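S.K.: Found this in Swiss-Prot, in case it helps:
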{"type": "ACT_SITE", "residues": "CYS86", "note": "active site, nucleophile"}
{"type": "ACT_SITE", "residues": "HIS181", "note": "active site"}
{"type": "ACT_SITE", "residues": "GLU183", "note": "active site"}
{"type": "BINDING", "residues": "SER235, GLY236, GLY237, VAL238, ASP239, SER240, SER241", "note": "ATP binding site"}
{"type": "DOMAIN", "residues": "9-207", "note": "domain 'Glutamine amidotransferase type-1'"}
{"type": "DOMAIN", "residues": "208-400", "note": "domain 'GMPS ATP-PPase'"}
Amino acid sequence: MTDNIHKHRILILDFGSQYTQLVARRVRELGVYCELWAWDVTEEQIRGFNPNGIILSGGPESTTEENSPRAPEYVFNAGVPVLGVCYGMQTMAMQLGGHVEGSNEREFGYAQVEVKTDSALVRGIEDALSADGNPLLDVWMSHGDKVTAIPSDFVTVASTETCPFAIMANEEKRFYGVQFHPEVTHTRQGLRMLERFVRDICECEALWTPAKIIDDAVERIRQQVGNDRVILGLSGGVDSSVTAMLLHRAIGDRLTCVFVDNGLLRLNEAEQVMDMFGDHFGLNIVHVPAEARFLDALAGIDEPEAKRKTIGRVFVEVFDEEALKLEDVKWLAQGTIYPDVIESAASATGKAHVIKSHHNVGGLPKEMKMGLVEPLKELFKDEVRKIGLELGLPYDMLYRHPFPGPGLGVRVLGEVKKEYCDLLRRADAIFIEELRRADLYDKVSQAFAVFLPVRSVGVMGDGRKYDWVVSLRAVETIDFMTAHWAHLPYDFLGRVSNRIINEINGISRVVYDISGKPPATIEWE
């Protein structure tokens, strides 16, 4: 029997901050399981989860407004430690008898907090000392409202020049509020504060580790599927690859992977997937060459969302046909990860907007009565990569730049044709090869080439050519919500451009995209 890796757990109530998932990832990094729920949960749900501690996230609302989100009253009666972050601190203060006011001045960016009262949350943690010998902490603020009076049974632990209550605490009840964001890297000692709360104050053990997550997943897969057969759509991406390796470890040859080669993959990617998973790891893989079918379906379609939906529809059709050929398959495996679960829950409650349609397996034929196996559904992407390494998958594959589900279908602008895909594949491969050679690949967050359906005049030797244009795109980002274009060296860009134009017959011009996000998105379509 494996350890119960869910025995100690933290509940994070989400008030809408862009950083909330980061809070959860930090808690997981500390080796403790946590879940992220909407703020309006019931007492019964909290009791059922039985957390060792609760974190109230930040959020964009104002506690001074009527009908603004509030923590359930039971949070403060559950007998477990509570940490309020930014908005979470403000609603804690207001609900427990303090006072919050709107401010004409937003405090956004770095601040230095001076600790004036001893507290279990920050004891022994400091970045520097004040002239009076008090600990100073470099933190990241992002708030408009501020607490102007703390509840009567709380003490002020720390303050800044403009924020009199930067940290408040009720040590007896183990309630803590911080006006800054400990989860972001700009708060230099933030992870230590979260560790103090989660590991010391909430007394959680570090049971959530890659090796134990794998053991737990394998055991749960075996319990769920028994001696049945399982089918998985393997794309070669991180999520489906790690799902395949977990299932293979759990049930061996009773897993069948279906790899649909849609003709929209990167250079040599289909061969690499078959070599790695079929020849090297010995998985049972059905290779379905379907390039012509996808390109026929995409003929005449130039609108991005229509292309996405067409690619998704044809994928489901092809996958369904292959699934029906297999006998006695009772389960469908999917590489759903925890952010997908969070997004689905938000969509179901009307708290999120769909910006782009997701490319995923769905709509299996009604005659196929299959159960769903989702071994990654509790994991964030960084956790999936770590267990992939533990399972033996190569680092370069797990830490590749993101690649869209529809593949080159949304990197060829306008109508998708085989000629365009072939040119783009080779241009993209040269760009990535040169990034790796110059030790720049891991210094940018994402890099790729885009095919532009416009012709441009060029000169080759004594002749003129009238060929296609390719754009290079490279960005730097922390969360992919915002991004800066990567300032790659001019000589590097010149070398990439020369190679693409000289080595690929059909491309006469290379341009570099210098648009940030916002206003542009990272992908062109």
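Glycine residues also receive a Cβ, built from the backbone N, Cα and C atoms like all the rest.
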S.K.: Relative to the Cα of SER241 (ATP binding site), which of the active-site residues CYS86, HIS181, GLU183 have a Cα no more than 10 Å away?
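M.R.: For SER241 (ATP binding site), the active-site residues whose Cα atoms are within 10 Å come to none.
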S.K.: Spatially, and counting Cα to Cα, which of the recorded positions is closest to HIS181 (active site)? Options: CYS86, SER235, ASP239.
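M.R.: Nearest listed residue in space: CYS86.
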S.K.: Counting all other Cβ atoms within 10 Å across every protein chain shown, which of the recorded positions GLU183, ASP239 scores highest?
M.R.: GLU183
S.K.: Please compare the recorded positions CYS86, VAL238 by how many other CB atoms fall within 10 Å of each one's CB, and tell me which has the fewest.
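M.R.: Relative to the other recorded positions in CYS86, VAL238, VAL238 has the fewest Cβ atoms within 10 Å.
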S.K.: What is the number of other Cβ atoms found within 10 Å of the Cβ of HIS181 (active site)?
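M.R.: Total other Cβ atoms inside 10 Å, all chains included: 23.
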S.K.: Going along the chain, which residues six or more apart from GLY237 (ATP binding site) have their CB under 8 A from its CB?
M.R.: GLY335, PHE403
S.K.: Within the same chain, and leaving aside SER235, GLY236, GLY237, VAL238, ASP239, SER240, SER241, name every residue whose CB is within 8 angstroms of the centroid of the CB atoms belonging to the recorded ATP site, in sequence order.
M.R.: LEU234, VAL242, THR243, ALA244, GLY335
S.K.: Which state, by DSSP, holds GLY236 (ATP binding site): helix, strand or coil?
M.R.: coil
S.K.: Which has the fewest other Cβ atoms within 10 Å: SER235, SER240, SER241, the binding-site residues listed?
M.R.: SER240
S.K.: Within 10 Å of the Cβ of GLY236 (ATP binding site), how many other Cβ atoms are there?
M.R.: 21
S.K.: Work out how many Å separate VAL238 (ATP binding site) and the residue listed as 'active site, nucleophile' at their Cα atoms, rounded off.
M.R.: 34
S.K.: Could you state the whole-number distance in Å separating the C-alpha atoms of GLU183 (active site) and the residue listed as 'active site, nucleophile'?
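M.R.: About 11 Å separate the Cα atoms of these two residues.
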S.K.: Which of the three DSSP states, helix, strand or coil, fits GLU183 (active site)?
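M.R.: Assignment for GLU183 (active site) reads coil.
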S.K.: Going by Cα-Cα distance, which of the binding-site residues (SER235, GLY236, ASP239, SER240) sits nearest to the residue listed as 'active site, nucleophile'?
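M.R.: That would be ASP239, the closest of SER235, GLY236, ASP239, SER240 to the residue listed as 'active site, nucleophile'.
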